[in-house]
Amino acid sequence: MPNIVLFSGSSHQDLSQRVADRLGLELGKVVTKKFSNQETSVEIGESVRGEDVYIIQSGCGEINDNLMELLIMINACKIASSSRVTAVIPCFPYARQDKKDKSRAPISAKLVANMLSVAGADHIITMDLHASQIQGFFDIPVDNLYAEPAVLQWIRENITEWRNCIIVSPDAGGAKRVTSIADRLNVEFALIHKERKKANEVDRMVLVGDVKDRVAILVDDMADTCGTICHAADKLLSAGATKVYAILTHGIFSGPAISRINNAAFEAVVVTNTIPQEDKMKHCSKIQVIDISMILAEAIRRTHNGESVSYLFSHVPL
């Protein structure tokens, strides 16, 4: 059987190192830099001939540069005769551009899927895709992992009144996600229907469900400028919720997000480390991080050994 070779792109080296440590591996030698004309340079520093290669690169920070770096790393490993190349993309880039929502709009998520395939990726591992149908954009296998087991564990360990909580989706699209968590905790759920005027601007919110005298836990796959979740927190408190938490898989936190969280009435805003959060945490004491490196590491181990990955949909590996 070929050996695992694990490479890290430059988007999230801390997460890559955590995954490597859990697998008992050293990260592979790779040098990524820019040429003087700003083209991306990648040098793979060890043989990958016949090996099972995994490249960890999240869709965050300088997204376009990081995506290009990932594509070049995949292609470099492929033409160096690796037996299989798996792109491990904790936060999938362009995932919100998954449909034609207005005239002449591009479906950029499909374009990214095509680019990964053409570069030479044989398999994709990602987490909490914005729309699970994105898996259908690929002609290669895609494992869409879920942060839900780690979220359930965090709720049980950190919210003492979790049996008196209510799980709330900040929009109708997240109803499936919150009902799954509510069922697993054996609590009720609610959702907030919002009418958007334009991107990143929230107009009117309608709460469906009774949150009075309960701990409200907002759950979503991502938060960008945080306008939606901060408005939702105000709505929940005015409807009688005793406390409000927000739990998100991908904390993008761009623009005014940090100041909005600081000014909002959250007990905590909990995110996973699919995106680096160290700098954001320095400016916001409410942000807490769930480490999901063990889920990615176990997915890599199971994929390499030809085992089922679906166990991870409902369990947190030790």
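Every residue gets a Cβ built from N, Cα and C, even glycine.
Note that the structure is predicted; figures quoted are calculated from it, not measured.
Taken from Swiss-Prot, the feature ATP binding site covers ARG96, GLN97, ASP98, LYS99, LYS100, ASP101, HIS130, and the record attributes it to similarity to another entry. The Mg(2+) binding site annotation in Swiss-Prot covers ASP128, HIS130, ASP139, ASP143 and rests on sequence analysis. Annotated region 'Binding of phosphoribosylpyrophosphate' per Swiss-Prot: 212-227, in sequence order.
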- Least buried of the binding-site residues ASP128, ASP139, ASP143, going by other Cβ atoms within 10 Å? ASP139
- Query: What is the total of other Cβ atoms whose distance to the Cβ of ASP98 (ATP binding site) is within 10 Å?
  - Reply: 19
- Might you list, by sequence position, any residue in that chain lying six or more from HIS130 (ATP binding site) with a Cβ less than 8 Å away from its Cβ? PHE92, ALA95, ARG96, ASP98, ASP221, MET222
- Item | ATP site, defined by ARG96, GLN97, ASP98, LYS99, LYS100, ASP101, HIS130: further same-chain residues with Cβ within 8 Å of the Cβ centre | ALA95, ALA105, ILE107, SER108, ALA109, ALA131
- Note on the structure: As a whole number of Å, the Cα atom of ASP143 (Mg(2+) binding site) is distant from the Cα atom of GLN97 (ATP binding site) by 20
- Whose Cβ, among the binding-site residues ARG96, LYS99, LYS100, has more other Cβ atoms within 10 Å than any of the rest? ARG96
- Task: Measuring Cα to Cα, tell me the gap between ASP139 (Mg(2+) binding site) and LYS99 (ATP binding site) in whole angstrom.
- Result: 18
